[in-house]
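Working notes, beginning with the structure itself.
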Ligand code: BG6
């Protein structure tokens, strides 16, 4: 793989007029321009089906960046970026357009990177078009956006289709969570600190909680979301990726091969959730109307385009067991939902009790030690531990204290790299460690598929309603209290 950061690329964005390109990719490219991270000869070729002039495309890009950039757009940066832009009108179902595209791409000097920011139903036409026009040869690369299928079968289909034309080493499957600074920091936290390294196993850890709570609803994506549900939309990819990074053994090195190999072992070791345990190891919910962030919001069934009979879940909690030596007896509790009270993502590692705690008889409740990793917002790492209450009369009385490292404070705007920025840059460098490989995707579906099937057969009663703006279904705690454990309460800091 070519890893030269200075390599010039032709980034061809299929779906350049779409939501993903406007909201994420174009603002990310602006940021790469701002920090001079792109080669001077790199070009951005927007491919879309429209009879647009170059000027019209440039106007659209400018508008999109203005609307979705999290800072004020600067003229000097925009002037540089606009020089890289090229618009290409394409009907991906017609071969002749790919032959024309061939004349536009500078194959001699630039590496072609094809970004498929389009619905999966269009993927195959793009793979085939590129293949037939011989635009697929190494070192070109192709980036795929999720969803990569809706189950193992459809995911395999996409993977087989792309494998006809591209090698695995050319394929970059995006899970944007892998581009987040705080997720990357998990590797350093676990493998660069002896304190954590040696204490990361079933002897020391009681259980781990992973929460990804969202305030947004389905954002006008009824057709997409209703066939996915929160489990396929968030758990199959983002939450399972976090889980693998938290649970994997130390890789041999930091290459993509070694990291992916360890992550894959975890996915293969996930204990199946089946008809026997589905009712105690899963909770699914759907939001009703309510108030989120001071604003009234409608129920899932009242969203644009809704089918009022839908039983799709917008919330899910799972108890996951990993069957290997390291994690034997240590459950991982996962929860994620839309229209919840606050947007935040957090990992909570709860440590085991001391076998004979000398202080127990002097204190009613001794809270367990916890390591709380806030992924966002306000990235931080906290440790909860017990201390003596000061004073002469409080000989053995303890209180729970918190030690905090505020990661977000050292992330100033210059070194805070957005997920898409980082992933685009990595694809330009040709490094795949932050992308998901075929085996990971398929293994994740292999584990998710039965859960969704059992829900379907088990009956509609398993869908709990929850009001928007709350923390999810009322019975959410039961998945933990049954094991005498508790969700860590959200602490707004
Ligand atoms: C996307 C999902 O992959 O991730 C969305 O399709 C979800 O439904 C989003 O809202 C969450 O991403 P983030 O970065 O805002 O946590």
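Each residue, glycine too, has its Cβ placed from N, Cα and C.
Just so you know, TrEMBL annotations are computer predictions that nobody has curated.
Residues 176, 180, 214, 338, 343 are given by TrEMBL as substrate binders; from 226, 233, 353, 365, that same site also lists 233. Taking a C-beta cut-off of under 8 Å and a sequence gap of six or more, residue 49 (NADP(+) binding site) has these contacts in its own chain: 89, 90, 91, 92. Once the Cα atoms of 49, 91, 92, 146, the listed binders of NADP(+), are compared pairwise, the greatest separation found is 22 Å.
Taking 49, 91, 92, 180, 233, 338 as the candidate binding-site residues, the subset whose CB lies under 6 angstroms from any atom of ligand 1 consists of 233.
If you take the Cα of residue 233 (substrate binding site) and the Cα of residue 146 (NADP(+) binding site), they are about 9 angstrom apart, rounded to a whole number. According to DSSP, residue 91 (NADP(+) binding site) is assigned to coil rather than to any helix or strand. For residue 176 (substrate binding site), the same-chain residues lying six or more positions away in sequence with a CB closer than 8 A to its CB are 24, 419, 420, 423. For the binding-site residues 91, 214, 233, the largest tally of other C-beta atoms within 10 A is found at 233. Each of the recorded positions 146, 238, 338, 343 was scored by the number of other CB atoms within 10 Å of its CB, and the largest score is that of 338.
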